[in-house]
Structure formats: structure tokens, C-alpha cells
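Participant: Per TrEMBL, the features are:
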type	residues	note
DOMAIN	34-127	domain 'Pirin N-terminal'
BINDING	66, 68, 110, 112	Fe cation binding site
DOMAIN	180-284	domain 'Pirin C-terminal'
């Protein structure tokens, strides 16, 4: 007889929590507040993940015109809406539950600004690209909330943003092999979710209180990042009286040199120097930045 919510997978070596961080609020962009858990001084990089921000922004604050090169940004809206514009002429608004998977590649300049009244909240994850993919052309994958794959079983609900869970697969293509799963566990539910052995993986708690790794571990509540150790999957329990919501993210490490300068992420200092030169001189992927400004009419200096 399976206990409630057991996903029937059967893990040989469940991953334990190796490190835990509380993501504290800090200011970012222009007037925005983020809780940064990856990309801060205690955890600069968790290969292949560069940054994880839980953001909160209310107009007129936001993330005005700024560049990227060498990685991908994944924006997942939890509340409200954000409008994205870029120098390629792409413009769109993502609302609650929507996802935008942006491959900056060789270069993009864009803005991300509130599109609704009140406070807009979401997650933004930066995923590094391998050296062979850093200079590819920019592209987008945008999926509305209604089109995100979902599955429900025995007190567990999952939104499959990337990868696979409970027999359901996401249509998102990930250049750096990645899983991104949004789980909600009812009280009493128990999850067993496989993760490829060689991948790095983490949990970020959004709501409620959960137990991860060992059934007798101390409960962990919202805004905590849990880095998972080695093993073939995650075990999680909701032993509280309220719903537990968290994301589980995993990715295949690139195991390549990393040099980062703000929004530019390359493999060598020489490539960073070239990127700065390209951006300042509007060349090699940044040509359209010379005359483009978003409708917000603002810019950031780097």
C-alpha cells in the first residue's frame, strides 16, 4: 500500500540537502527588489546556473534597457505581468503562470517592465551556455500558463516547465540539458522525483513548509534555497497542515571555465573584453543597440 503522494518511482539513493540558504531581499534594476539565492557572494555559481532571483517590482520600478550575452534567462511569473521589449523588435507580455525562455546567445539588449497595477512577482533563472552555444543567434520560447504541461497524482501537482515529471514532458527545448518543475504538495503528500545522477540540482521553496532529503529532517519554509547532494532523485514530504509549493531545478554541468562581467558570461577574460568592446561599439551582435530604446525610454550603464 503506497502512502499518499508516493510517485511510485523508487529511488535507490535519494539526494540529501548539502547546503541551505535564506534568500534575503536586495535592490536590483531600478527600484526593484529581488531575493537572490544563486549569484550572491556565498554561491557565485552552481554549474550550469548563474543566478536565481525571486523578484518583486511595482511600477515605475523595473529592469530597463540592459544587455546580455552568453547565457539564457528563464522568467516565470508568479503574480501580475511583465512586458519584455528588445532591439530585434520582439515585444510581449507574460502574465501569472506564463514562462519566457530567452536565449541571449551572441547578444541582446532588452527591457523588462511591469505591465499591470500593483506588485508583479516572479522568478528569473540564468542558465549558462556551453562555449559552442555562447555566440548563437538570440531566440525565444514563450509558453502561456494554459499551455504548460501539468500532472496530478495522489496529492501532488506539478507544472512541467522543462524536463519530465509524473509521466508528463515539457515541449521546451533546453540547449543546456535542464529540468524545471513547479511542485505543489497537499498536506500528507510524499514525492519521489528522479534526477539524472550527473546533474546538479536545487530546490527553492515558494510557499508553505516542507521536508527534503530525509523524512526526519527539519522543515524548511519559503525563500530558502536547498542545494542537493549526489543521488538519483529528490524525496520531499509535506507534513504540515497547509500546501507546500517549491521548484525543483536540475541541469547538466558544463564543466567549463567561467568569466562573468555583470550581464556578460563567457569562458575567458579575452572574450569578456571583446564583448565589452562589441557592446560599446555596436558590433558583432550588438549593431541594433545603437539606435534602439525601449518604450520605457530608460537605460542602465554597465
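Just so you know, glycine gets a Cβ as well, placed from its N, Cα and C.
Model, not experiment: these values are computed from the prediction.
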Participant: Based on Cβ atoms within 10 Å, give me the single least packed residue among the binding-site residues 66, 68, 110.
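Facilitator: Comparing Cβ neighbour counts within 10 Å for the binding-site residues 66, 68, 110 gives 66.
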Participant: Take the domain 'Pirin N-terminal' (34-127) and count its residues per DSSP category (helix H/G/I, strand E/B, coil), listing them in that order.
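Facilitator: Going through the domain 'Pirin N-terminal' (34-127) residue by residue, I get 0 helix, 67 strand, 27 coil.
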Participant: Taking the recorded Fe cation site as 66, 68, 110, 112, identify the other residues of that chain whose CB atom sits within 8 Å of the mean position of the site's CB atoms, giving them in sequence order.
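Facilitator: Those within range, site residues removed, are 63, 65, 67, 73, 84, 86, 108, 109, 111, 263.
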Participant: For residue 112 (Fe cation binding site), what is the tally of other C-beta atoms lying within 10 angstroms of its C-beta?
Facilitator: 29
Participant: Mind tallying the domain 'Pirin C-terminal' (180-284) by DSSP state, helix then strand then coil?
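Facilitator: Its residues fall into 13 helix, 49 strand, 43 coil.
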Participant: Can you check how the pLDDT averages out over the domain 'Pirin C-terminal' (180-284)?
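Facilitator: Its mean pLDDT is 97.
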